[in-house]
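According to Swiss-Prot, the protein carries these features:
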- H81, D142, D199: Zn(2+) 1 binding site (BINDING)
- D83: active site (ACT_SITE)
- D142, E177, H381: Zn(2+) 2 binding site (BINDING)
- E176: active site, proton acceptor (ACT_SITE)
Amino acid sequence: MKYPTLLDRFLVYVKENTRSDENSTTTPSTQNQVEFAQNILLPEMERIGLQNVHYLPNGFAVGTLPANDPSLTRKIGFIAHMDTADFNAEGVNPQIIENYDGNPIALGTSGYELHPKDFPQLANYHGQILITTDGTTLLGSDDKSGIAEIMTAIEFLIQNPDIKHCEIRVGFGPDEEIGVGADKFDVKDFDVDFAYTMDGGPLGELQYETFSAAGAKIDFLGRNVHPGSAKDQMINAFQMAIDFHNALPETDRPEKTEGYEGFFHLMNMEGSVDTASTTYIIRDFEEEDFQARKQLMLDIAEKMNANFDTPRVIVNLHDQYYNMKKIIEKDMTPINIAKDVMENLGIKPLIEPVRGGTDGSKISFMGIPTPNIFAGGENMHGRFEFVSLETMEKAVDVILGIVAYK
């Protein structure tokens with residue numbers, strides 16, 4: 001179905017810089033997110049007719065659409081995140097490509113282009129309306145597509161009261177991209193039977209498996225002496241960091257894994273001969289494999305420390321989120337409903353694991369099962385990001401089908 005306000009709404013959202021900051025200690029991590037919620041989303045939620053619209057200390061803008069059919073007793077939530085990833089988000093200047101013809105798309109005057117040889121999925125979008133960047137910023141489809149789709153669906157229901165639906169709660173939150181947005185999610189305030197994050201990618205994605213995730217910080221304590229007299233005395237902290245990294249499986253890296261394969265990802269290395277540190281993210285799907293990856297890091301450190309008279313490799317691990325499959329599989333109702341709705345709309349459900357995490361990962365373990373549905377974005381987190389308006393329209397169709405499902 002066509003929704004006249006969807007594109008304009010999306011364009012308003014993406015032009016707002018809501019980049020999150022992993023080094024911040026505030027919630028939300030950036031003031032821009034607060035202003036986006038308070039100055040744009042909350043007034044719009046009230047304008048279109050949502051009830052009990054409020055802004056929580058955890059950074060979530062929340063509202064309710066009461067049921068208009070007493071036989072539809074479920075309470076269903078829809079969640080999307082306001083922040084964008086760690087890439088330039090200032091001065092987003094979207095391009096609208098009408099009736100895409102399959103050729104390369106110049107991204108403004110940046111010198112970059114979306115080329116089918118680099119991004120073969122462009123072949124799926126012949127004849128569609130694409131929204132791209134101008135090559136200097138990301139687009140922000142992740143996850144302002146989701147916000148626009150939820151808002152458009154709610155507006156459509158309010159303007160068409162003959163469409164019967166259950167009670168709906170919507171929540172637009174901060175800091176998903178830095179992994180902390182749902183840490184303070186208020187389950188009691190949201191009060192639904194289950195929810196969906198509208199935070200997936202291409203048409204049909206329906207996801208209830210995520211990585212289990214941990215972070216690791218490894219400190220290396222060296223001993224610096226003059227290199228001219230260093231034999232049997234110098235202990236180079238940088239070399240220890242290199243040795244540690246090389247002891248990890250070479251094939252278990254993001255660029256060499258797919259599907260259900262986990263990985264270690266070296267994110268940062270800094271220091272000197274005297275001291276050095278590295279940070280990693282650890283990802284896997286099965287609990288046994290996830291625990292084994294963390295143990296391997298501890299084992300490597302123990303083996304390296306055996307060469308010294310005092311521990312010089314110190315590993316600090318912290319879990320970040322867990323595979324929500326463990327929760328969702330207890331009651332597959334939200335998956336079955338979404339799957340039926342997609343199939344009734346002629347959309348083939350793509351039920352596959354998320355090689356990442358969503359706010360739903362944490363919210364599911366807090367007590368609200370929250371799988372993930374496509375929002376349309378492709379090549380997210382960078383200058384080559386784009387989204388199809390037709391896919392966004394179908395995401396709105398899916399939301400409308402879910403809330404009317406009997």
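Keep in mind that glycine also has a Cβ here, set from the backbone N, Cα and C atoms.
Across the structure, the residue listed as 'active site' and E177 (Zn(2+) 2 binding site) are spaced 7 Å apart at their Cα atoms.
Cβ crowding, taken as the number of other Cβ atoms within 10 Å, peaks at H81 among the binding-site residues H81, H381. With respect to their backbone Cα atoms, D199 (Zn(2+) 1 binding site) and E176 (active site, proton acceptor) stand 10 Å from each other.
Comparing CA positions across the recorded positions H81, D142, E176, the one lying closest to H381 (Zn(2+) 2 binding site) turns out to be D142. For the pair E176 (active site, proton acceptor) and D142 (Zn(2+) 1 binding site), the Cα-Cα distance reads 10 Å.
Across the structure, E177 (Zn(2+) 2 binding site) and H81 (Zn(2+) 1 binding site) are spaced 8 Å apart at their Cα atoms. Take the mean position of the Cβ atoms of D142, E177, H381, the recorded Zn(2+) 2 site; other residues of that chain with a Cβ within 8 Å of it are T84, A85, F87, L138, D143, M380. Excluding H81, D142, D199 themselves, the residues of that chain whose CB lies within 8 A of the CB mean position for the Zn(2+) 1 site are, in sequence, A80, D143, G146, E176, E177, T197, M198, T358, D359, A375.
Here D142 (Zn(2+) 1 binding site) comes close to T84, A85, E177, D199, A375, G377, M380, H381, E385: these same-chain residues lie at least six apart in sequence, with C-beta atoms under 8 angstroms from its C-beta.
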